[in-house]
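Asks: What follows is a structure written as structure tokens; I'll ask about it next.
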Amino acid sequence: MTTSLQPVHALVPGANLEAYVHSVNSIPLLSPEQERELAERLFYQQDLEAARQMVLAHLRFVVHIAKSYSGYGLAQADLIQEGNVGLMKAVKRFNPEMGVRLVSFAVHWIKAEIHEFILRNWRIVKVATTKAQRKLFFNLRSQKKRLAWLNNEEVHRVAESLGVEPREVREMESRLTGQDMAFDPAADADDESAYQSPAHYLEDHRYDPARQLEDADWSDSSSANLHEALEGLDERSRDILQQRWLSEEKATLHDLAEKYNVSAERIRQLEKNAMSKLKGRILA
């Protein structure tokens, strides 16, 4: 029996997403009997090798679910990795006596993790999507003399100094006054009571995550808060956010892992912490 889980490289999609998908699709599915045997070994004996086999056999389902969230401008590899986190949480909590297959139980946890990732990052992506908007995003703060809205003279002066149209300055200023909406409860909470009903995270076909975020958006903060928050991050965290969400070609977790010589999981943690700090400063 194995009680220390060995690294599972298949959980982290690399630069070649097609190869990853091919790899996980080649892993055999478990029969009901095999699944129950493994589930009992994990549930009653804490056999982590059984957990590893259960996770590997269900990675293909994460890929399938992640594809349905491809319309938010987020890297597919990142959606898959977040879904894999949800899968591992589901395996950890799966009780073989529940009378359902693991895939039926895990789908809620997979979607929960993906939903949290989308709601954590979607607005940051949408704030600056064009080259001009990205330029404004990082420079508008330094161009402003006060916290109130820019007047027409200031708008034209900023536009001229940055080489953009006045309307783009107004548009970016408007975007930066919004705040991000937190998702509650957090998908990584350890409190079992927060997950008494995983169905709470099921998709509501009347509203997708982006629509929920837009409906909950409000405009009572200053653009200065966002820029000051960015300036308050350490250089690496700031670079990760810029490369992931504001660069012309968004970097993947794998790209940044190679750049900083750390694991993709470490980059994901740094990104999550940076986002959390950014929100905390904005909402303070």
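Each residue, glycine too, has its Cβ placed from N, Cα and C.
The feature region 'Sigma-70 factor domain-2' is assigned by Swiss-Prot to 54-123, with sequence analysis given as support. Look at Swiss-Prot and you will find 78-81 tagged as motif 'Interaction with polymerase core subunit RpoC'. Feature annotation from Swiss-Prot assigns region 'Sigma-70 factor domain-4' to 229-280. Marked as DNA-binding region by Swiss-Prot on the basis of sequence analysis: 253-272.
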Asks: Could you put numbers on the helix, strand and coil content of the region 'Sigma-70 factor domain-4' (229-280), residue by residue per DSSP?
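Replies: Tallied per class, the region 'Sigma-70 factor domain-4' (229-280) gives 40 helix, 0 strand, 12 coil.
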Asks: Just to be sure I understand, if DSSP states are collapsed into helix, strand and coil, how many residues of the motif 'Interaction with polymerase core subunit RpoC' (78-81) fall in each?
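Replies: So the motif 'Interaction with polymerase core subunit RpoC' (78-81) is made up of 4 helix, 0 strand, 0 coil.
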Asks: Could you count the residues of the region 'Sigma-70 factor domain-2' (54-123) that DSSP puts in helix, in strand and in coil?
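Replies: Across the region 'Sigma-70 factor domain-2' (54-123), DSSP assigns the residues as follows: 59 helix, 0 strand, 11 coil.
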Asks: What mean pLDDT score does the region 'Sigma-70 factor domain-2' (54-123) have in the model?
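Replies: On average, pLDDT over the region 'Sigma-70 factor domain-2' (54-123) sits at 89.
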